[in-house]
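Undergrad: Please read through the structure below; I'll follow up with questions.
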């Protein structure tokens, strides 16, 4: 009967009603979801541990399914990049239960009497990258490919049990589906179904038993009409009749053919013996005779005829693109795709041209084919810099260049290429006879290719390593290849291949492999035995041996050197296999400079030597070796020599006893690879800087054969007359190359500036270069000088181009600016600047501008992405605007708005403008009127990065998808393009050479191609360069100067050993672009000079408008001070502007008188002046979103429920916001908007609270009784200066005048005046009278001011320093009726401004201090300190005091203290500095200055106060720390500590400790009583998002000093870390979440950790094992806001549970759970959902389908009540602002308490009926639990983000950004 009801099939999920889970069970992450492909409900099983996440049928193991169907159909899809497991328990006829399991975790088939394990090979969809990568791979197991499809798996259990166990199948007992998979259903049946057969075909065949039946409608997958089932889905049958390896595995086979699959008995064959014997003998001879080789005819109707020029191999991809691979002989490898299996097949050894016949007789294609031939690649390294090889004949060197292996002839530089890798080549190896070459690529698809070296043919491929292949080694005879990489678990995997049959049968098989945790850097095969190897790595040297198919190793005991990091290893005489094994020696080198000699037979160290640096400045001409060892990166040992390459840049040749150095050559960077030729006479060396060189041992001559960029190349430009190529790259260098030899001629470098685009002048030897910081510089190549520099741009330069005549230069940046330069002037004067003209963004660079061939017009994308604008070349006046979105309005199929990507002009004859778009289209417009001519779709798959047009207009080149396409320009052929590969990174620029015979592409390297379509022009049509008389004289002058210098422009740069310094025979190298200044002579092409005797003070149009506005106001009279204009470091430079209506000429140093003014309004500051300074000294307020609440309810002090007890933290964002006086003990600093007065003896604090915004700076009167504090403007709160009486602790006066922030203040020497400085937006100087605190005078300056100091020897003089090297001496004139300010603008010497690396206009003066004897010291943003004579107002000395910005200066007459952004505090002795005042003394002092001491702190120095002797003081840093420093004792002690970023979590414990976690990644432990930081755990590059203390056990909490419980913290990367406070260490790290952890808590018994993530998943983890035992998905999709746990047991709330816990999510849902973790019990008790309006608090309509709106809503928070056991307190966004009290027993909200603002945090007091609430509006609310009355408390400078009650209920702690406030509860 059971058989009858199960016929024809059983729907298992439907039969067992899976959705109810009554007859089945699930564990872990099992959820139902909708699948878009199947258009129905499916079940997703996921999780990191398959055994803990599964779906099981039936519910318990004692039950049975009893399914008797022979076939089980599993309809599933494995989750990509994951593993899955399936277990099926099957019963046999003799009542034996057999478990049949299959998984892609299993590597091989295993069998026992009760268990069968089959490996599952996941199938990648046809045409995907994974399917191509699997070709030739022997190990196809592992994680599921990305392109895995829905699969029907048919298991024939009758056949399986019969074949593997010889038993009879009875029924299926149970099924368990484990993570990770998506399953649709499971069916059982006695019928064999084929989804590819339709019912019509079934009727024709007749449904007879044994035939395959069509899939029933209920089981079928949805299929579109006209589609083929096998093109969309996969079907796998097991067992299957296939010979595919590995055997006994479940894998995809071709199932398209259908028919009888069961064995069919064949009838016996009948043999006719009636014929005579002779006939049979003749037949036998005919059969056994050798057969003639048939000519194979290749026919394909889809492809055109391919004519092979030279030697190439051809491959076709799925879109029909033709990929050409350069070869070196006549062999052609034609790659095709098998239409039946989808796998790629190859046909080799096809001689001559490959002909493909097409159905179309008159087929046309682009000719010639191929049209490009790769000629040379300029580059070395990329994936590795440690691989260089010699061939046996010492004529060729082999090295990797990104994804290409290059073989280059040494004598002529010709290159051959091995192309086929898809990622960077990380290892290469060659056989002893140079017959075979092996190369391996790194990345996630590690692949080894074996090539025939002499012709570049790929013979075999091996894919055994999963990723990170980094070492290859061939045996000397080429029979064995060894490789080292990583397996799927990240372990090192050593694989040994048998390559003896590669040359004959193209087969390479795995001999042995091993997985190990031992670090392996290099591995070599012994020359005397190909089965023995040696490897080295970190802390180990191991000997390996292959024996009987297994690979085993033994370590070498290194003794005391076991901790060394070994870098290379090799055998002595490795190419002599006949040498006796007793003398086998191994050499290994290390990063510490050690060379270890190892006896191979004894497996012991013989000798250890160490390479130490040499101090050549020792006495008596002796070299003394000192210091640590020099890192040796590579070594090679021959019979007599050892060659080493080290980090100090030296290539050294040693004897084997290392007694002395035979030869050494110094390079510009660390030597990473060395190799000695077979004759021992030539050494090949490679460096980390991309250079390759050869040292000839006999002649001691050095030849550099290759120089290259070490990072991606952004742009390229060509000098057509001199055949020079200029490139710019991410390695911050500009290089000039010879176009014919590709030898490097010049190298310009900038340490802190990155060039991004370059353009050569059409005729002069001059190029313009644009940088990422917006600077445009023009260089003369021959003289290596800078002709001009412009800083007009603020963003990255995205376009830079000369017009064809060279009269104008155009530049644009990423911030929409366009600039026109006049190249006829010396300084490339600016003719016009247009803002908001070019489209915004960096993606248009470096080809954002295109100039027409005649130079009359220029085109660019802008002002939006949708438009292309054409402007006049001379004036930038707009003449045409094209909207690319409106090209084809009738195209109804268009689903998205198109945007322009690239623009390019065609030739003058064609007069067309080409535009490429984001939808991969090429648009051709008429360049004259903008009419659309042609539209071509799908030019590339993922965008076009560059475009170029051939001079004749016949061809077009485009770059994209890492390939180059050459097109027929007219697009009239059947196939209009050819595709060329070779690049492995984005191609940034392509161009045809001006002579038309070459083509250049740049990306990761420079690729030079031969353009084979070039035709020599006829004499009448030839291209002739017509030169006028001036140009002819110019060329003659160049030749004359060239001959006089004795070398040509194209001379090979260097043939001698390289040195770091520039030699006469080396290329011109400029170490820092900013150190090049304007040449007074110019270049040889344009010899002019210009001088100016006066400085020009320019008042631009913006300042004119300000003055016009000010003059129109009768009550306000303000004078604008314009600082000196430093042009290229000269005080007498001239600045011009096309828009300046007038110029004011003045001698430098003249005094300017300023009259009084009433108030500086915001209108006086232009938009240009509002750019924030780049210096650290200038105060910039932190961005905030909410101001303080206007309505607040505060109680009188005697009735307040809270009293501020103390504050933890110091505001590191402030400037000079700390004061200290040694004698009185006054110590004042700020934290947020609170001023803290701390007694250093008693550790008590007093607080001055009155300001609501962050305090930026402090100023203390000399009587130490009055303190001034400043805060900026926010919302409706004005900028304030509060005057405090420190004795009484009250605010005497509040001053309001400034519009924005106040950066610094200072009291005069007699305390009669207070000067305050406005920030960069205001730039005002305000002088106050301290008698009545009124404004005496005010003015504004052109440049922002960073610091101010009163002259201690005068009562009415002060000085200011600021941007653009501004130093101003001010005099407060009280002699007139109104107080006036006189100012003297100091003249800054040229050498002070020029001795920097920031650019002439970027030097800023950041700090100043007055010393004794009329001396003023000034610090700059580039680390310089300058001394000025205040009597002459002149600088007499300056020196470099630090490498970074000087922010603090202090002086006591004979000592000077400097504090820098680089965290350094230094003390200088300046006793002899006054001797430098003499007129003949040099300004740069080398003697007399001594740095006495130095300390390095934990952040940039923001303030410092010391005693008069500068022996001890207090220093503040940007890290939120105040340090006490004592120079005499050399000590530094933390006085105040704090977080430097936003605090995200607080937690307290009974030990009086507080834990906090912040965005700076730190977890800190504080003692609440004395506010001291006890511990700090730092996690780099992550944010600590939440934390919690573990509950203290009851038995331990009763002790007098119980141990501190552990702290668990969640981080932004989804990890959870647990810290043991008692051991001061991290004891556990877990990763249960894939996104940031947002809430965390221990269970009440401490047995589990409950954590919630940003994705709404809740993980329950064990703190002892670290395993995630449960994942709760009920809140999935909404971030978890908080988790709360009850500590009370035996609650009587109508719920039978010992413990409760809850979780709330951002979608206003709260779940309450009952848990008993000792019994692994957790069940949902209640689910609360609270209503809310359909709009956000600001009125925006909420889109329910978009979860992003949750960020703008107040958080959802819930807490268990400490007063009533069954009450839950809830706050969140809803209809009203209130706290809701929800009863668990009554299942409803029983009451509410009103709030005035939305809550951001919620906490309940443990022992009192109090509720604390924090809000965005910076208020802390304290509510009565029963009555609902509340009080508001201020003092926070930002959102109140966290609140916590202490365990005893006496204190309340709150956080606001980085400050922690501790409140004492007074009720």
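Using N, Cα and C of the backbone, Cβ positions are placed for all residues, glycine too.
Annotation comment: TrEMBL describes 3-121, 143-194 as domain 'CFA20'. The repeat 'WD' annotation in TrEMBL covers 706-747, 1536-1576, 1630-1660, 1833-1867. What TrEMBL lists as domain 'WDR90/POC16 second beta-propeller' is 717-1010. Sequence annotations record features per position, and here TrEMBL assigns region 'Disordered' to 1046-1067, 1165-1189. Marked as compositional bias 'Basic residues' by TrEMBL: 1171-1186. Under the heading domain 'WDR90 4th beta-propeller', TrEMBL lists 1554-1866.
Quick one: where do these features end up spatially?
TA: Counted with DSSP, the domain 'CFA20' (3-121) comes out as 13 helix, 57 strand, 49 coil.
The average pLDDT the prediction assigns to the domain 'CFA20' (143-194) is 91.
Secondary structure of the repeat 'WD' (706-747), assigned with DSSP and counted as helix (H, G, I), strand (E, B) and coil, comes to 0 helix, 24 strand, 18 coil.
For the region 'Disordered' (1165-1189), DSSP puts the residue distribution at 3 helix, 0 strand, 22 coil.
Within its own chain, the compositional bias 'Basic residues' (1171-1186) has Cβ neighbours under 8 Å at 794, 1213-1215, 1253-1254, 1256-1257, 1272, 1274, 1301-1304, 1319-1320, 1344, 1346-1347, 1363, 1402, 1404, 1406-1407, 1421, 1445, 1447, 1461, 1500, 1518, 1816-1818, 1838-1839, 1857, counting only residues six or more beyond its boundaries.
For the repeat 'WD' (1536-1576), same-chain residues at least 6 beyond its ends with a Cβ under 8 Å from one of its own Cβ atoms are 1206-1210, 1212, 1229, 1231, 1238, 1243, 1499, 1518-1522, 1582-1589, 1592, 1597, 1602, 1604-1605, 1607, 1609, 1611, 1617, 1619, 1621, 1624, 1841-1847, 1851, 1853, 1855, 1857-1860, 1862.
DSSP places the residues of the repeat 'WD' (1630-1660) in helix, strand and coil in these numbers: 0 helix, 15 strand, 16 coil.
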Undergrad: For the domain 'CFA20' (143-194), what does DSSP give as the number of helix, strand and coil residues?
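TA: Helix/strand/coil tally for the domain 'CFA20' (143-194): 8 helix, 27 strand, 17 coil.
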Undergrad: DSSP-wise, what's the residue breakdown of the repeat 'WD' (1833-1867) into helix, strand and coil?
TA: 0 helix, 20 strand, 15 coil
Undergrad: Just give the helix, strand and coil counts over the repeat 'WD' (1536-1576), going by DSSP.
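TA: Across the repeat 'WD' (1536-1576), DSSP assigns the residues as follows: 0 helix, 24 strand, 17 coil.
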